Amino acid sequence: MFKSGFVAILGRPNVGKSTFLNHVMGQKIAVMSDKAQTTRNKIMGIYTTETEQIVFIDTPGIHKPKTALGDFMVESAYSTLREVETVLFMVPADEKRGKGDDMIIERLKAARIPVILVINKIDKVHPDQLLEQIDDFRSQMDFKEIVPISALQGNNVETLVQLLKDNLEEGFQYFPEDQITDHPERFLVSEMVREKVLHLTQQEVPHSVAVVVDSMKRDEVTDKVHIRVTIMVERDSQKGIIIGKQGAMLKKIGKLARRDIELMLGDKVYLETWVKVKKNWRDKKLDLADFGYNQKEY
């Protein structure tokens, strides 16, 4: 008997949702950064064994939006509640419950689907603090289970995956066993470039960046995959930061991104990077759609 199901990973920004998904999948399919609001699109991670398939949906961190991009991200996250049988509500062990958590809890109560509370980053707290956190959240909602984990170190992750397997119902294999995500390679390439920008820049710059893959094709002569990407920013000053002194920052972004892209594609890559200014793109629906943030996602 084959069993399958869809599982949403929900929570505030920067609680470790993408780290968890990448750990379960055994490879990077979601961007990771210590900066909030790193994930902007819903990303599917397809975990398949001989007898089960769990389709995880990693969602953007739920926050109070300040831009049209923020609205897109939050609606994209909440829309997954209509698509799944189970929700993993992830919270950090090293932060007390806040207004953002309470807002999510109210939406989860209204959705009326089983919710597993996942308390992440347990490696950062004393067991007594963890027990307090468990008691506090338990008083807010009737969770199906409460599972403390460390997504970074892998503690208890297998236990959580096994719990999900045990609760699966008989169903179809929705995706082939060798498919690990629903996003095309172009999307993953753009995310890998954006991840390097997130790691290497500060303040407002990371949030003002979109990455568009202009072309991606194999060069018959060199047998390399030739990829051209454009990094979009909102201001000239941000363009200067990303290019860096004598182009040093842009070279660094390209070099680090190329390594990850080559690992993913299993091919040699020639990566060409450009930077363009598109003023206030985060508040323009046409620009959002052009850069891959499309309302069709929800």
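Cβ atoms are placed via backbone N, Cα and C, with glycine included.
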Legend entry - Per Swiss-Prot record, range annotated region 'G4' [choices 32-35, 120-123, 124-127]: 120-123
Legend entry - Given ranges 37-41, 97-101, the stretch to which Swiss-Prot attaches the annotation region 'G2': 37-41
Inset, instruction - Choose the correct range: of 11-18, 235-242, which one does Swiss-Prot annotate as region 'G1'? Give that range. - result: 11-18
Inset, instruction - Choose the correct range: of 58-61, 282-285, 294-297, which one does Swiss-Prot annotate as region 'G3'? Give that range. - result: 58-61
Inset, instruction - Measure the Cβ-based neighbour count of Gly11 (GTP binding site), defined as the other Cβ atoms within 10 Å of its Cβ. - result: 24
Legend entry - Which of Asn14, Thr59, all binding-site residues, has a Cβ with the fewest other Cβ atoms inside 10 Å: Asn14
Legend entry - Residue counts (helix, strand, coil, in that order) that DSSP gives for the region 'G1' (11-18): 2 helix, 1 strand, 5 coil
Legend entry - Chain residues in Cβ proximity to the region 'G4' (120-123) (below 8 Å; excluding those fewer than six residues from its ends, i.e. six or more beyond): 15-16, 19-20, 90-94, 130, 148-153, 155-156
Legend entry - Which same-chain residues, if any, lie at least 6 apart from Ile122 (GTP binding site) yet have Cβ under 8 Å of it: Ala93, Leu130, Pro148, Ile149, Ser150, Asn155, Asn156
Inset, instruction - May I have the DSSP-based helix, strand and coil counts for the residues of the region 'G4' (120-123)? - result: 2 helix, 1 strand, 1 coil
